[in-house]
């Protein structure tokens, strides 16, 4: 098992990364739990892992109840959030009841947002069961639900008490979901660590085969990079925006196609290539760099091109992006592979040229 600590102005908390951790969840997490816990999970994860977690909590003397939600990005909304609140109220959850998110990014984001708002703030912990949530969404305190006009538009910054990533849960992940998570892994190398990017180029087959040693190394490096950035910029006033590489284009894809049609990681993958193409247009990187990024994404089973839709739709969706400031669109581009930069775009012609092959 590897452990690292996230330090933020709010508070510090541990991330546990390894194999076979879920049966130890009670003992590992007990210092970070109240006397009572509410397990929030979904219909897909519950048959696989809920019983193991319940047994672990029983062994640690933590009483608990469970709330089982429908699965999928299409359910990341007010209606499903209210199901969490209904379950908490019906079970007389108190302010010190710890919410436990057992699932992927959707469960983690919604559980965190519920925790941030239930009785004005209840503690929560993350037990991510997908690669995407283990390397990205479970760390850093971003919580949210979607709105029909934009992804993750309603939410809060609210840090968990702990994160427990059991890599064994990835063995039940569908291949498409594994690839989607790998998009975020590749994103980290692309935005901030060229040596990690090169390591991924060398080890992608082993990672996709879930070989234990390279997998724990990759997950740890991603969490380490995110923890370092969040420690410097908890509420995304500056460099934390780098973590949104590919997300401005990616969120537009998800919104246009309908939440869940393209998985988040798939949209981010195509978005990263578009961000590289935009950086090409700005004279920052070469076409060869963009092709190299696309090749690595394709090696992970990911799309390197977006779906085709009208330029006006792209602009409409991207105008709702959370990085827009004073009406100016801000993108995360690349100075070079391994170095992200915040880029303001006032000339939409450069966006049209970037997107032209896909219009």
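Glycine too: its Cβ is placed from the backbone N, Cα and C atoms.
Note that the coordinates shown come from a computational prediction; the quantities given were computed from them, not determined experimentally.
Per Swiss-Prot, the candidate among 203, 264 that belongs to the Zn(2+) site alongside 184, 247 is 264.
The residues near the Zn(2+) site, meaning same-chain residues not in 184, 247, 264 whose C-beta sits within 8 angstroms of the mean position of the site's C-beta atoms, are 132, 136, 183, 187, 246, 250, 265, 267, 268, 271, in sequence order.
Of the binding-site residues 71, 184, 184 has the largest number of other Cβ atoms within 10 Å of its own Cβ. Nearest in space to residue 71 (NAD(+) binding site), taking C-alpha to C-alpha distance over the binding-site residues 184, 247, 264, is 264.
Comparing Cβ neighbour counts within 10 Å across the binding-site residues 105, 108, the minimum falls on 105. Per Cα geometry, 264 is the residue among the binding-site residues 184, 247, 264 nearest to residue 74 (NAD(+) binding site). Across the fold, the C-alpha of residue 184 (Zn(2+) binding site) and the C-alpha of residue 108 (NAD(+) binding site) stand 16 Å from each other.
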